Amino acid sequence: MSGQAHLRHVFGYRTGITSSVVFQDEQTIVFPCGSNLVLYNTEQKTQKFIAGLDKSLGMTAMAISPNRRYVALAEKTAEKPVITIYDLQALRKKKTISSPDVHSNEFVSIAFSPDSKYLAAQGSQPDWTLVYWSWEKSKQLAAVRTSLGNQIRQISFNPHDCTQLCVVGTDIFRLYRYGENNLKPHGISKVEPHNFLCHAWVTDEKIVVGTEDGVWILLDNGEPKIEYHLSAIPKPENAKSAKDNDVSNEKTEYNITAVVSTAKGLALACSPGLVHWFEREPATNQQGTGVNQAGTKDSYQLVRSIHIPVDPTGTSDVDQMSSHKITHLVVSPSEEVIVACTDAHQIYSFNLTSVDLAMKGSEFLQKNMVDAAIKGQSIPSEFISFEPIAQSFHHGQILGLDTCIRKPLIATCAADRSVRIWNFESNTLELSKQFAEEAYSIALHPTGLYALVGFSDKLRLMNLLIDDIRTFHEFPIRGCRECAFSNGGHLLAAVHGNVIQIFSLTTFENVTNLKGHNGKIRCIVWSSDDNKLISCGMDGAVYEWDPQKGTRTGESVLKSCSYTSVTVSTDTKTIYAVGSDRSLKEISDSQITREVMSDDVLLTTVVLSHSGRMLFCGTQTGHLRSFVFPLTEKGDCQDYIGHCAPITKMKLTAMDEFLVTVSDDCSVMVWRIQERDGRVGKGEKEANWAEEILITKTDLEEKNSVMSELRTRVEELKMENEYQLRLKDMNYNERIKELTEKFIQEMETLKTKNQMLKTEKEREEAHHEVQLQEVMEKHSKELQDLESASNQKLMIEYEKYQDLQTNSQKKEEDYEKQLRSMEESRERMLEELNEFYNSKLAEKNTAMDNLNREIREQTMEYDVTKRLIEEDADREILETKIRYERRLREEREANARLKGESGIMKKKFTSLQKEIDDHKEELKKFHVETQKLNGVIRNLEKDIQGLRKEIQERDETIQDKEKRIYDLKKKNQELEKFKFVLDYKIKELKKQIEPRENDIKNYKEQIQEMEAELERFHKQNAQLEINIAEMKQKHKSVENELTQERQATRDVEAIVKRFKTDLFNCVGAIQDPKVLKASVIALYKKHIHEDLSVQTNKAGDATVDADIQKEFNRQREHLERSVGGLRKKLARDSEIHRVGYVRIMQENVSLIAEINNLRRELKVHRNRIAELEAALGLNRKQGETARQLLNQVAKNRQNAQLEVEYEQAKQALEAQQQLIFQLQKRLNDADRNTSNADDILRDLQLTVHSPLSKSGLSIEPLPPISPGKNAKQEEQ
C-alpha cells in the first residue's frame, strides 16, 4: 500500500527570481517556494499551492496580469526556456508557451500588457531576444534583439498602451513599440549611459529608473527631468562607521535595486537594506541636491526611510544590513501596503497609511538634522522598519531536523547559525535564536521541552523556555553531525567522528561507546522499543547496535555504496536504506533481501511510517517519492513536487499525520499524508498536545515587575490622553463652525447657477421641438412614396411565386409515379422469396425428423452431460455472484469517497464564488465611479455631435425600417402558405407514431408477464430440489439397512460352511460306529450344545423373524419402485422446465430485438418532427427567408420519399428475419446442446443466405440486442 502526500504549509521563500512576489488581491500574495507557487492569505494565515513543471531546471522570472487572474512563470528546461501561465482562481495550468527565436537557456524578465492579453519576455545571453506574444492564442507576434552583449535587467509595458515596452540594462534604456508585426525602437533617449538596475512607469509618458550609482532619474518622453542622488541623504551612524572600515563598499553602497510607483509617490530600495519613500509634491523646486529642471510640474520630497529589521545573523547590524539586499518591491492593489523581498529568503511588509508617514519630508529632515547637531554626530539609525509578512525564514542551508511526541513542534538548525522551533498546528514560528557558532545537528526531546544541538565546539543540551533557548548542560563533542534522543527520552545518542556515544539524560554519564564504522556516519535511528540503534555511514555499512550492552547485533556492508539515510520498521526486523548507488535497499537479518533501483534520480533520505504501511523517500531534485509498500520488484512509486534542491532531512510526526521535509533551498515543508485507501494516521482525531512550558524564576519575577510598572504607566497615559481629547474637541468645534459658514455661502452661489442653467435648458428644448416637428412632416411624405413603390414590387414577386408553385406540383406527380413502380417491384421480390423459403422449409423438416431419431438415441448420454454442465454452471454462477458482490462493495466505497470529495469541492466552489461576487461588486463600484468622472466630459461633447447627426441617422433608420417592413411582409405571406403544408405532414407523422407506442407498451406488459412466469418456474425448481433431497435421505437409510442384512447373511453362510466341513469329516468315519458316535457328539457339542440357551430363546422368534424379513423385502421393493418413478418424473419435469426456459429466453430475445427496432424508428420520427418544426420556425423568434424554406421543404420531401422506401425494405427484411428465427426456434426445441443440431443449424443458415447472395440480393443481419438487457433476463 502506498501513501499519498499533499502540501499543507511551507516555511520559506525562493530567491533568484525576477519579480518574485505579487499581489493576487488585498489579502493574498503569491511567491515561489521550492518548485511551487504559494498563495498566502495574510489575514487567515492560510496557504494554497500551484505545482511547477515536473522537469523544470529552475524558475527565473514571474509576473501577474493586471486583472489579477493569471500569473506567468518562466522556467528553464533541458530543451529551451518556457513560460507557463497559471489560473489563480482554478489553481491549475492555463497555457505553456515558448519561442523558437530565443537561443538562450532562460528568460530574465517577463511582463503582461495592461489588458492582460499580451505577454512580453526578455531572453538571456547570448542573443538577448525580446519576444511579444498573444498568449491566449499561443501566437508569437514579434521578436527583436535588444542588446549586443550588455546585460538586460528588466522589461515592462506602458500601463496605458499595450504596444509600448520599456527595456533597461547596463548602459541600455530603450522604448519599443509594436506595429506591423515588428517591435521597433520608439523615441530618442537623452539620458546618459548608466548601469540601470530597475525602472517603473509613473504615467504613460514618465518613467523612473534606478542606477547602480544610487541615482534615480525621472524621464519624460526619454528626456531627464529630475535626478536625485541618494548619497545626499544623511546616513545612519552605523552605516558611516562601516564606510570608514571598508572603503571598497563605497561604490556599491547606494545601489538602487528596486523601485515602485504609486499615486502618492515613489518607493526606492537601496543598499544597505533601506527603502526611501518619496512623496509627490506640486512644488516647482526640489529638496536637497535633487535637480528639478524648468517646465516640470512634479517634484518629490523624501518623507521617510524604512529599513529591514536587524536579525542578529551577522556580528553587527552593519553586516546584517549589508547582507540583506532588497531585490523586489511591490504594492497592494489599494496602494496601502508595500512588500519587500530580500536575497536572504525573507519577505517583509509595511503599511503606507501608517501614522508615521503623516510627518512630511521637511519636518522629517529638520528633526533629524537638529538631533544630529545637538549630539554632534550623524543621524541615528532609529528609522521605522518593515515587519515579516508571516515569520522570518532560514536563509542558510538547513542541516538538522527533528520532531517530538508530546507537542506539535518542529526543530531546525541551519548554516545561518540559527535554531528555530516551528509549530505545525498553528503554522507559526514558536522560538528563534541566533548563536555565534554554526549548528550542525539538532534533536528534540519527546516531551518537547529540551533540544540537543551540535555546535562546532560542543554538544549542548538546552531548555526551550517561553521566549528563549538556554543551555543547561554541555557535552565535550566537537562538530557533532548527528544526534538523536531515544523514544523514551532517557537516552541520547551523538556521533563523535566514527564513534556513536550513548549518554544518560538523568545522570549525563557516557553509558557506552559504539565503535565499528570506518567512515563518516550519516544517520542514526532508534528502534521503537529503544532496544536497538541503527546507523549507516559513508563506508557502505549499516549496523544494528544493542545500546544497553554496547555490542553490534547485525551488519550489512556494501563498499560500493555510501549510505546517506536509514529507517527501521516497528518490529525492528527490516531496515530500509538509501545511498549513492541510486537504489532503495531492504535489509533483513543482515542481508539485502530486495533492491529497488531509481535510475532517474538519486534518493537522499528515507522514512517509514509508524504504522508500517507507508514508505517515503526524498530525492536529489527535491521531489518527494512515495513507494508502493510492501516493495514490488518494479519499485512502483509516485512523485510529488516540493523542493527545488536536494532534500537533506525528513521526519514523520508522532501519529503519522504529517511529514516534514527540509532542503538545501532553505525551506521547510509540512505534508499531510494518508494511505492510498483513504486511511490517515492516528492523529486525524484532535490530538491532546501538552501545553506545559518552561520558565525560570528570575524571568517570571522580572515579567511581574514589568507588568506592574506598565499598569501605572497606562493609568498615567489615560489621564494625559483624556486631557488631550478635551483640547482637541474644543478646537474641532471651532473648526466645524467655520466650515459650516463657508459651505452655506457656496450653496447659495450654486443655487443661482442652477437656476440659470434651468432657464437655458427650457429655451433649448423649445428650439428642438420645432426642429423635430419639421423633420416628422418631411418623413411622413417620404413614407407614402415608399409604400406605393413597395406595393408594385410586391405584385411582381407574387407572380413569380405562382410560377414556382406550379413547378412544385409537377414534381410531386413525378415522385408519386416513381413510388408506385417501386411498390410493384417490391411485391414481386417478396413472392420470389416466399417460394424459395417454402422449398427450403420442406427440406429442413425431413432433416429434423432424422435428427429427432438421433437425439432419442443420445438421450442417456445427454443426461450425464446435462448433470455435469449443471454442476459447472452452478459453480460458475456462485463464483460470478461473489465476484460481482465484491465489485459492488468496492464501487460503493469509491462512491462514498467521491461523495466526500464532491462535498469538499462544493465548499471550495461556494467560497470561491463568494470571492468572485465580492470582486465583481468592487469592480462595479470602480466602473460606476469611472463612468461618473468621464461621463460629464463625454456627455457634453456627445450632445453637440449627436444633435448634428441625429437628423441624418433618423433618415437612414426610416429607410432601413421601410425596407425591413416590406421584406417581413413578403416573408410572412410565403411562410403562411408553407405552414399549412407542414402542419398536415406533422399530423400524419403523429398518427404513425401512436400505434408504435401502443405496441411498445404491450410488449412491456408481455415481458412482465413472462418474468412472473419465470419466477413461478424457479419456485417449482426449488420445491423439486427439496423432494430430491428427501428421497436421497430415504435411499441412504434403505442402503444402511441393506448393508446390515448382507452382513448377517455373510455371518450365517460362514457358520453353515464351518458346519459342512465338520459334517464332512464326520461322514469320513461312517464305517466305524464308535468314531462316528464320538464325532456326532463332538459336532453336537460344538454347534448346538454351546448355543442351546440362545436357540431356545430364539426358537419362539424364528417364525416372527421370517415374517419381518418378508415384510421388509416387500417394503424395500416398493421403495425402490417409488424412487425409480420419482427419478423418471424428475427427468421429465426438468426437461419440460428447460424447454420452457429456452422458449421464454427466445421470446425475450425477439422482444428485445423488436424494442430496439421500434426505438430506432421512434428516434427517426422524432428527428423528422424536429426538422419539420425547425422548418416552420417554431423554435426561433423570426422565420427564415422564403427561398430557404422552399429548399427545406423540397429537401424534406425527398427525405420523406427515401424514408418510405427504407421502411418498405425494412419490413421485407423483418419478415425474412422472422422466418429464419422460427426455423432456429424449431431446431432449438429439439435440443440446443447437441453438436449435430449446431452443425445442422449452421448448414441451414448457409443455405438460407447463399441463394440470395447469388441472386444479387442482400440480407441485413439480425437487429442488435442490448447486452445489458440480456444479462438481466438471464439472471432472472
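The backbone N, Cα and C atoms fix where each Cβ goes, glycine too.
Curation does not apply to TrEMBL; its annotations are automatic.
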Which range of 277-301, 952-976, 1252-1276 is region 'Disordered', per TrEMBL: 1252-1276
Mind checking which residues reach the repeat 'WD' (514-555)? Cβ under 8 Å, same chain, six or more beyond either end. 481-488, 490-491, 493, 495, 498-502, 561-568, 570, 572, 575, 577, 579, 587, 589-590, 610
In the repeat 'WD' (640-674), how many residues does DSSP assign to helix, to strand and to coil? 0 helix, 20 strand, 15 coil
Which numbers of helix, strand and coil residues does DSSP report for the repeat 'WD' (391-432)? 0 helix, 23 strand, 19 coil
For the repeat 'WD' (514-555), the averaged pLDDT of the predicted model is 92
